[in-house]
Structure formats: C-alpha cells, structure tokens
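**Student:** Quick paste of what Swiss-Prot says about this protein:
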- 1-22: signal peptide (SIGNAL)
- Cys51-Cys66: disulfide bond (DISULFID)
- Cys58-Cys69: disulfide bond (DISULFID)
- Cys65-Cys74: disulfide bond (DISULFID)
Amino acid sequence: MKLTCVVIVAVLFLTANTFATADDPRNGLENLFLKAHHEMNPEASKLNERCLSGGEVCDFLFPKCCNYCILLFCS
C-alpha cells in the first residue's frame, strides 16, 4: 500500500515537472521537439556531405574523398 502511494506521488511529481519546464504547456514535449528540429542547421551537418569516390578529382587543401586524396585524385 505504501509502495503504491509512493509510485503514484512520484508519477504525479514527474508529470507536473515535465509540464512546468516545457516552453508551451498546452503542447507539452511535442512542441519542444518541433522547435529543436527547426533550430538545427542542416548545412552544418557533416552527415549531409557527399564524399567523392575513387578516380574523381579532389581539392588538395580540403579533400572530400571517401578514402584519401592522392595527386588531386581520390583513391
């Protein structure tokens, strides 16, 4: 019985804390995830960059080859 009361109080506390720390309590956490997605800079992500395959011409100072840049060609 005591454990059940403690669990109920803990769940109520965590729920109240979640809504109190959210920017917009009407939308809860859903709104936070949407804002975080729009605040990201997709151009800054290195995952969006395409690497050059073997045989393509590469830049010596800033190579974007999948492996290595040797004599201005990707290996």
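Note that Cβ sites are derived from N, Cα and C of the backbone, with glycine treated the same way.
Help me picture where these features are in the structure shown.
**Tutor:** Counted within 10 Å of its Cβ, the other Cβ atoms near Cys51 (disulfide bond) come to 12, all protein chains included.
Non-local contacts of Cys58 (disulfide bond) by the CB criterion (under 8 A, 6+ apart in sequence, same chain) comprise Leu52, Lys64, Cys65, Cys69, Leu72, Phe73, Cys74.
A strand conformation is recorded for Cys74 (disulfide bond) in the three-state DSSP classification. All protein chains considered, the CB of Cys74 (disulfide bond) has 19 other CB atoms within 10 Å.
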